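S.K.: Sharing a structure here in structure tokens format.
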Amino acid sequence: MAGFYGRDIISVRDLDRQALEEVFRYTEKFVKMTPSERRSVAGGRTLGYLFYEPSTRTRLSFQAAMASAGGTSLGIADVSSSSIQKGESLADTVRMMAMYSDALVLRHPLDGSSRFAAEVSDKPVINAGSGTEEHPTQAIQDLFTIRREKGGIDGLNIGVVGDLKYGRTVYSLLHALGNYDVKVSLISPEPLRIRTDSIYDIRTKLDFAESESLDEYVDELDVVYVTRIQKERFPDEEEYLKVKGSYVIGLDMLRKMKDGAIILHPLPRLDEISGEVDGTDKAKYFVQAEYGVYTRAALLGLVLNEGGF
């Protein structure tokens with residue numbers, strides 16, 4: 001990928017290691033900037049957002065990132081109060097929002113929605129979650145957190161735990177990790193194993209093993225990336241109830257983990273990480289959420305400014 005200026009950010013598969021490291025460098029630069037320096041990154045620009053699915057952290061972090069970078073944001077966070085409720089097409093909504101903004105952020109329940117939006121928009125489109133496919137800015141945030149908290153990514157042993165079938169953050173994370181020298185353990189209940197097509201896609205890039213047992217690997221892991229089992233993706237609630245609560249990270253599990261190991265979660269969480277873990281030095285999921293503002297600000301700065309900032 002040659003440069004970010006004016007580019008759509010649809011999939012981490014479009015980002016090689018060099019591109020990811022560029023985002024990380026600019027994120028570190030943004031973190032070190034004074035408030036007045038930050039406001040020059042996107043000053044005078046407007047970010048449009050379209051969220052067809054509920055979102056707290058992703059939407060608010062994009063808004064916070066744009067505000068911190070000196071820009072403004074506007075958009076649709078509740079489709080029930082917009083013309084979408086009247087039957088307006090995705091294409092028309094995207095075209096309309098593109099007229100009001102310099103870049104667009106889209107979350108949509110349908111696979112392929114972000115690529116479609118990029119085809120009809122004359123402004124850069126950033127994928128904030130498309131169906132069960134990908135969530136690229138979450139993966140960037142996740143890798144930055146690992147890099148910052150562990151001092152690097154290469155050589156780490158990373159466990160990805162929970163819903164590997166429906167979790168779009170998982171697919172983006174695994175593809176991004178394929179650019180680094182890491183070992184990955186994919187830990188899930190049998191019904192929530194990573195999809196066969198995705199296994200095929202990452203097999204040549206990633207050293208990984210699959211298991212249903214977290215206990216089997218937890219003492220070897222440098223990073224435990226926990227995901228929520230997503231009730232809303234299940235066609236049958238009974239099937240959800242069979243796997244709900246399959247893994248719970250509590251203090252007993254922490255005692256089995258390596259010194260210096262960290263726990264991440266894309267959030268929101270349900271009961272997969274006990275609240276008693278929050279105050280420990282291994283709990284990095286709230287810091288991870290904070291880093292999302294910085295990584296998104298850096299990404300917006302790269303997309304909106306020729307030659308970076």
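Yeah, the Cβs are placed from backbone N, Cα and C, and that goes for glycine too.
Annotations per Swiss-Prot:
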BINDING   Arg57, Thr58, Arg107, His135, Gln138, Leu267, Pro268  carbamoyl phosphate binding site
BINDING   Lys86, Arg168, Arg228  L-aspartate binding site
S.K.: Which entry in the list of binding-site residues, Thr58, Gln138, has its Cβ near the fewest other Cβ atoms, using 10 Å as the limit?
M.R.: Thr58
S.K.: If you draw a 10 Å sphere on the Cβ of Arg107 (carbamoyl phosphate binding site), how many other Cβ atoms land inside?
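M.R.: Result for Arg107 (carbamoyl phosphate binding site): 24 neighbouring Cβ atoms inside 10 Å.
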S.K.: What same-chain residues, at least 6 away in sequence, bring their CB to under 8 Å of the CB of Leu267 (carbamoyl phosphate binding site)?
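M.R.: Those within reach of Leu267 (carbamoyl phosphate binding site), by Cβ under 8 Å and sequence separation of 6 or more, are Arg57, Arg228, Tyr285, Gln288, Ala289.
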S.K.: Between Arg168 (L-aspartate binding site) and Arg107 (carbamoyl phosphate binding site), how far is it from one CA atom to the other, in Å?
M.R.: 12
S.K.: Residues near the carbamoyl phosphate site, Arg57, Thr58, Arg107, His135, Gln138, Leu267, Pro268 excluded, by Cβ within 8 Å of the Cβ center?
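M.R.: Not counting the recorded site residues, we get Ser55, Thr56, Ala128, Gly129, Thr169, Pro266.
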S.K.: DSSP on Pro268 (carbamoyl phosphate binding site), three-state: which is it?
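M.R.: In three-state terms, Pro268 (carbamoyl phosphate binding site) counts as coil.
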S.K.: Hey, what's the widest CA-to-CA gap across Arg57, Thr58, Arg107, His135, Gln138, Leu267, Pro268, the carbamoyl phosphate contacts in the record, in Å?
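M.R.: Overall maximum Cα spacing for these binding residues reaches 16 Å.
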S.K.: Just checking, which of Arg228, Pro268 (binding-site residues) has the fewest C-beta atoms within 10 Å of its C-beta?
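M.R.: Counting other Cβ atoms within 10 Å of each of the binding-site residues Arg228, Pro268 gives the minimum at Pro268.
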S.K.: Fewest neighbouring Cβ atoms within 10 Å: which of the binding-site residues Arg57, His135, Arg168?
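M.R.: Arg57, out of the binding-site residues Arg57, His135, Arg168, has the fewest neighbouring Cβ atoms within 10 Å.
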